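Asker: Pulled these from Swiss-Prot:
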type	residues	note
ACT_SITE	SER473	active site, proton acceptor
BINDING	CYS50, CYS123, CYS195	[2Fe-2S] cluster binding site
BINDING	ASP82, ASP124, LYS125, GLU447	Mg(2+) binding site
MOD_RES	LYS125	N6-carboxylysine
Amino acid sequence: MAENWRSRIITEGIQRTPNRAMLRAVGFGDEDFNKPIVGVASAHSTITPCNMGIAALASRAEAGIRAAGGMPQLFGTITVSDGISMGTEGMKYSLVSRDVIADSIETVCNAQSMDGVLAIGGCDKNMPGAMIAMARMNIPAIFVYGGTIKPGHWQGQDLTVVSAFEAVGQFSAGKMDEATLHAIEHHACPGAGSCGGMFTANTMSSAFEAMGMSLMYSSTMTAEDAEKADSTELAGKVLVEAIRKNIRPRDIITRKSIENAISVIMAVGGSTNAVLHFLAIAHSAEVPLTIDDFETIRQRVPVLCDLKPSGKYVTADLHRAGGIPQVMKMLLNAGLLHGDCLTITGETIAERLRHVPDTPDPNQDVIRPFDQPLYATGHLAILKGNLASEGAVAKISGVKNPQITGPARVFDSEEDCLDAILAGKINPGDVIVIRYEGPVGGPGMREMLAPTSAIIGAGLGDSVGLITDGRFSGGTYGMVVGHVAPEAAVGGTIALVQEGDSITIDAHRRLLQLNVSEEELAARRAKWQPPAPRYTRGVLAKYAKLVSSSSLGAVTDRFV
């Protein structure tokens with residue numbers, strides 16, 4: 001296959017004289033028209049520390065592509081900052097941005113007949129957005145993570161942005177003074193890079209490394225270290241070789257490689273958002289995957305890494321301890337990883353791991369020995385019951401009380417709930433319900449980091465449950481259950497909950513139950529009316545019309 005297998009349609013022949021004329025204006029010479037044209041999709045932005053270092057990485061990617069004999073073409077895609085928009089109306093655009101990113105990369109690459117694409121992302125939705133596009137297009141592709149932020153430091157503590165969210169709850173509960181709150185604000189985010197714990201961005205980048213779509217060790221590098229830039233240049237070279245070898249995303253993104261990714265997510269204690277995003281990636285790659293598959297994998301894979309939000313360490317510590325390859329090698333040796341899966345380098349997972357030690361360095365405790373795991377089984381549990389017949393997702397690591405039955409405290413928006421928590425109106429034993437925040441109802445399925453952090457900060461993390469048809473940040477922990485489906489806006493049972501109803505959350509039995517008779521629920525359902533759309537124009541209105549259930553990945557192109 002010719003290296004310029006797609007771009008030749010715009011570079012060859014007399015009829016393409018005008019096309020070549022425009023390409024000459026952006027730097028092409030006579031010798032370049034037979035080279036593969038490789039897109040560099042850059043999510044550089046100064047609205048968030050997650051993405052503010054990506055421009056320099058994009059330049060290194062271009063250099064790598066050129067050195068390997070390709071012609072890079074740089075273009076931009078968007079990002080939003082989940083951390084900055086958290087707790088506001090703006091957070092409704094976060095999950096929407098995943099699909100905008102996917103659509104934008106697909107649009108540019110296909111419009112310009114690119115032979116391959118290297119995407120660089122930082123904030124949470126950059127990763128799944130780029131991978132969805134790659135899986136859809138199935139042209140040679142590689143993902144480069146912009147890198148994790150280094151931890152902040154204050155009074156001997158490692159800080160992350162979640163420290164600041166939790167400090168708000170502590171301050172509101174009278175457990176922290178304003179000077180301490182201000183100090184944490186100043187020290188939590190010391191520079192460039194994505195939020196530092198095993199939150200959503202680091203979870204997804206780690207999963208892509210495990211899946212074979214990113215270079216090994218690249219997902220845990222810090223954004224500001226030289227090795228991140230060097231790895232990015234190498235990724236450009238590897239992609240050009242993948243074009244020559246005709247290695248496509250769907251050769252790599254298979255059922256087995258997705259199982260590998262999910263296994264690593266469980267082992268590192270990753271974000272609940274990974275469930276939503278991998279359902280969407282599998283849909284784009286036409287790989288059969290259901291929400292129940294996560295539960296199957298959870299039951300066989302232990303949590304091996306002691307990482308924030310519920311653990312001790314940050315992702316930079318994981319890198320020093322051996323990174324994702326060390327975790328993968330342990331899973332491979334235990335028969336929990338498919339070693340025959342292809343990677344973007346052309347080697348298999350087993351081949352790439354052949355030089356990785358069988359056991360972690362005994363002089364660190366970020367990665368536990370396989371026979372001494374943090375938890376014997378995975379932490380992302382799929383709960384079902386009359387409140388979530390299609391399923392819901394709970395992160396059960398660090399939960400001291402895995403079962404709670406209590407009175408429902410019902411809120412139809414995140415803001416109303418947060419106000420109640422900060423005003424001291426939530427009591428131990430309560431089960432908070434935040435509804436009409438799902439993919440359709442929000443729309444956009446906001447993350448509930450502000451309420452959950454306020455609960456933790458108020459000292460209620462072990463005594464209060466929270467369920468929602470919205471999402472949770474990767475920084476959330478506690479007795480919280482999200483992605484409840486069907487959601488309230490489409491008539492799910494969560495819409496029928498009334499203040500004071502008894503609700504049971506049982507992580508051991510994987511049960512989410514409204515303790516109300518079927519007769520009473522039928523009577524309530526007969527009276528229920530769907531709410532009017534919150535938006536009738538613009539991207540949120542379009543999204544609400546197109547988006548599927550969270551149990552199907554909240555995708556916007558499921559038409560059959």
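Quick reminder: no glycine exception, Cβ is built from N, Cα and C everywhere.
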Asker: I'd like to know which of the binding-site residues CYS50, CYS123, CYS195 sit within 10 A of GLU447 (Mg(2+) binding site) at the Cα level.
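Answerer: So the list is empty; none.
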Asker: Show, in sequence order, which residues other than CYS50, CYS123, CYS195 on the same chain lie with their Cβ within 8 Å of the centre of the Cβ atoms of the [2Fe-2S] cluster site.
Answerer: THR48, PRO49, ASN51, SER81, ASP82, GLY83, GLY122, ASP124, ILE149, GLY193, SER194, ALA201
Asker: Checking the recorded positions ASP124, LYS125, SER473, which are within 10 Å of CYS195 ([2Fe-2S] cluster binding site) at the Cα level?
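Answerer: Near CYS195 ([2Fe-2S] cluster binding site), where near means Cα within 10 Å, the recorded positions are ASP124.
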Asker: Could you round the CA separation between CYS50 ([2Fe-2S] cluster binding site) and ASP82 (Mg(2+) binding site) to a whole angstrom and send it over?
Answerer: 10
Asker: If I take the alpha carbons of SER473 (active site, proton acceptor) and LYS125 (Mg(2+) binding site), what is the distance between them in whole Å?
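Answerer: A Cα-Cα distance of 12 Å.
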Asker: In the same chain, which residues outside the set ASP82, ASP124, LYS125, GLU447 have their CB within 8 A of the centroid of the CB atoms that define the Mg(2+) site?
Answerer: VAL80, SER94, LEU95, CYS123, THR200, ALA201, ASN273, SER473
Asker: Other than its own, how many Cβ atoms are within 10 Å of the Cβ belonging to ASP82 (Mg(2+) binding site)?
Answerer: 31
Asker: Can you count the other CB atoms that lie within 10 A of the CB of ASP124 (Mg(2+) binding site)?
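Answerer: Its Cβ shell of radius 10 Å holds 32 other Cβ atoms.
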Asker: How many other Cβ atoms are found within 10 Å of the Cβ atom of CYS50 ([2Fe-2S] cluster binding site), counting all protein chains shown?
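Answerer: Result for CYS50 ([2Fe-2S] cluster binding site): 31 other Cβ atoms within 10 Å.
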